[in-house]
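Noted in TrEMBL for the protein shown:
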{"type": "ACT_SITE", "residues": "B:Glu319", "note": "active site, proton acceptor"}
{"type": "ACT_SITE", "residues": "B:His320", "note": "active site, proton acceptor"}
{"type": "BINDING", "residues": "B:Tyr121, B:Gln183, B:Asn206", "note": "NAD(+) binding site"}
{"type": "BINDING", "residues": "B:Ser229, B:Gln251, B:His254, B:His320, B:Asp353, B:Glu407, B:His412", "note": "substrate binding site"}
{"type": "BINDING", "residues": "B:Gln251, B:His254, B:Asp353, B:His412", "note": "Zn(2+) binding site"}
Protein chains: 2
Amino acid sequence: MKISKLSKNISLKRELESGNEEQLKTVRQVLADVRENGDQAVRKYTEMWDGIVLSDLRVTEEEINEALQHFDPQLKQDLEEAANNIRNYHEAQKRNGYTLPLTDGSYLAQRIVPLDSVGLYVPGGSAAYPSSVLMNVIPAQVAGVKRIVITSPCGKDGKLPPAVLVSANILGVNEIYKIGGAQAIAALAYGTESIAPVDKITGPGNIFVALAKREVFGEVAIDMIAGPSEICIIADDSAYPDEIAADLLSQAEHDKQACAILITTSEKLAQAVSEQVENQLKQLPREEIARASIENFGHIYIAENMDQAVEAVNTLAPEHLEIVTENAEKVSEGIRHAGAIFIGRYSSEPVGDYFAGPNHVLPTNSTARFASGLNVDDFIKKTNIVYYTEQTWKENVQKIARLARMEGLEAHARAVESRGWKKGEN
Amino acid sequence: MKISKLSKNISLKRELESGNEEQLKTVRQVLADVRENGDQAVRKYTEMWDGIVLSDLRVTEEEINEALQHFDPQLKQDLEEAANNIRNYHEAQKRNGYTLPLTDGSYLAQRIVPLDSVGLYVPGGSAAYPSSVLMNVIPAQVAGVKRIVITSPCGKDGKLPPAVLVSANILGVNEIYKIGGAQAIAALAYGTESIAPVDKITGPGNIFVALAKREVFGEVAIDMIAGPSEICIIADDSAYPDEIAADLLSQAEHDKQACAILITTSEKLAQAVSEQVENQLKQLPREEIARASIENFGHIYIAENMDQAVEAVNTLAPEHLEIVTENAEKVSEGIRHAGAIFIGRYSSEPVGDYFAGPNHVLPTNSTARFASGLNVDDFIKKTNIVYYTEQTWKENVQKIARLARMEGLEAHARAVESRGWKKGEN
């Protein structure tokens, strides 16, 4: 890995693929077609792109039972324990609204209401992502969303990976569709004969899915568009180089555009980690991906002291931050911008990807400056409530009318003035 | 106003102007130019479009003092009281993070951190909008945002409206710029020699401002893109027609595309409101705007009963809902989708626009199905924290490694396994 002195000009930002004109044109056409022709269009594109003629779009009970029957019981138990941990962490995010009583029985309030329905897109392809199912569905369930739908492109055999079906089953979700791509996003946004529309769509996908989500935004809500993964590690002399290297590589194996950065006060550690990365790379099944990531976006920076390291992290605002130093908790207190923080040697980042409880859907590409990981608030909305009695109205009507007239909005002033007193009721 | 029976096919949705290709091209050019050339480009476009050669981009202390000197003390007091009410309502939205202790000293936590800096765009033109200053700045202040910037296009005299400067002064905000349009959004997003960049931009503007906000989204956060205002009123025989008409017109006067809808169980009320609207329209200074809104988007629906009225509102998901009925609070309990609810005869909607306390920046165009009004959460973000001790790691390392391998991510498994035990430390 490249090693250099830490300077002020560090950045995580990469030029991310935002789709070309032709891809966008295709996506718009698919969206319009599904909006117009429903299931028929969904089937057409599924046949065209995935090469599959589907009888049912929806996964049947038999398919779920089959997946359950052949699934490794140990893995099922692991998934159940992960689900419990994730649920516990997110339960603490539940909120009630509030009521502020004013004089005379008047009050103001905020009411919290879950979304009616959400759709989760689970990417297909070679791998199965049961952890995505847990991380997206559980906060929606904790929020109180009644209807939760999963959609994912099926394999050539017309089936979804058992791990996805088993994860959904553990959570009690059984409305699952076997479709992917822009046509799946269109079906969730607009609805078809067999799929009722949802209010929000979450979950990652390929460039067509990302473009489709951007296009339907406004019609429905969407989660953030996630970029390639990032890990930043702050470490000092107390860290073990092989562990730091392994953690850097855990994110590098995700994507050739993933970014792994070590910031350390120890030149010795820097050198040792660099060597370890090279050694471990050679033994990785996904060596090609991880190597491309490390070569293009991996970097080790030598900081003069811990304060400089912390300030650099606040500039980067990384998705994942590990702090493997003496007094790691104390160091963490200086961090203002990071999606998730893993404190101490035993909090290896994959602990959070799968199991600990906090969400693994996190802001990338420095957006942790202003964005949060997926959480229960993403599945609720708030309604403001005003209840004024006659007395409270009477005390304030003139002030309100004056403010309205200051803005040149006479009808506003007249509306608030229109109550009883002008009719001689009082 | 048109009167018809309530049916299932009601909708608030209007085709909103999303900008044409040429406008988008202009905006992209302005953004690129300001990013490249900073203040010089900002000045160029301000001269080109606003016809003003600015010496300072920033409002001076003298200008603020001058505005304060000549400002009506009664109005200043009204603004101060409104600011207090708004602050009280939003204070209740402040949150702390949480810590969940696990066994053995391990813990999970969520940390709440305010954004570092936000910029508020205040539209210019004929009117001044001090209420927008209060509604955007106060939630950011309550959240704990340290740097709050206001920008607004100045008049031909090179000055901002006194009401805007006085409102900002009441809130203690003194970083105010006299620029508007796409160049102002670019300056806030990218920064210039004289304006440091911000992390989030809020506030409404014309089509160029809206397009610029969409373009910089991702680089910085933005609030929702607000559409024309909407009011929906549920009323029964107990309501006074002149009051209902006045409230409908209070939103109709905002915009020719504003939408005013009455849903009532009383045919008598429907008829009387329709007549009242016509009578009151003739006496309004903004008659032309309000009349266009009422003619194009105004509607009175007769509902068979209150349940049907409530269900219709949940379909519409209006920005503002008034409930002027017997047992209005009870009726309000059935509402799942509305930006703000005004309960009872004395809670005329302008009460909330200016004074009561809840935010007046609310989701329009049926997005109240999934979106909330501006609130303190819009100015904070959440960081997930994992702290595992050796013991907790030891208990869970195998489960985590199995889950990682199930997803085909070997480097994840090796990272979490890399700790002490493989080195014979334990």
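In case you wondered, yes, glycine gets a Cβ from its N, Cα and C as well.
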| task | Report, in sequence order, every one of the recorded positions (B:Tyr121, B:Gln183, B:His320, B:Asp353, B:Glu407, B:His412) having a CB within less than 8 angstroms of a CB belonging to chain A; if no such residue exists, report 'none'. | result | B:Asp353, B:Glu407, B:His412
| field | Mapped DSSP class for B:Asn206 (NAD(+) binding site), helix or strand or coil | value | coil
| request: Look up B:Tyr121 (NAD(+) binding site) in the DSSP assignment and reduce it to helix, strand or coil. | output: strand
| field | For B:Ser229 (substrate binding site), the three-state class that DSSP assigns | value | coil
| query | Which of B:Glu319, B:Asp353, B:Glu407 has the fewest nearby Cβ atoms, counting only those within 10 Å, among these recorded positions? | reply | B:Glu407
| query | B:His320 (active site, proton acceptor): which of the binding-site residues B:Tyr121, B:Asn206, B:His254, B:Asp353, B:Glu407 is the nearest Cα neighbour? | reply | B:Asp353
| request: Starting from the Cβ of B:His412 (substrate binding site), draw a 10 Å sphere and report how many other Cβ atoms land inside it. | output: 28
| remark: Listed in sequence order, the residues of the same chain lying six or more positions from B:Gln251 (substrate binding site) whose CB sits under 8 Å from its CB are B:Ser229, B:Glu230, B:Ile231, B:Ala258, B:Cys259, B:Ala260, B:Ser293, B:His320, B:Glu349
| field | Residues flanking the NAD(+) site, with Cβ no more than 8 Å from the Cβ centroid of B:Tyr121, B:Gln183, B:Asn206 and excluding those residues themselves | value | B:Pro123, B:Thr151, B:Pro153, B:Gly180, B:Gly181, B:Ala182, B:Ala184, B:Ile185, B:Gly205, B:Phe208, B:Val209, B:Ala212
| Among the binding-site residues B:Gln183, B:Asn206, B:Ser229, which residue has the largest number of other Cβ atoms within 10 Å of its own Cβ? | B:Gln183
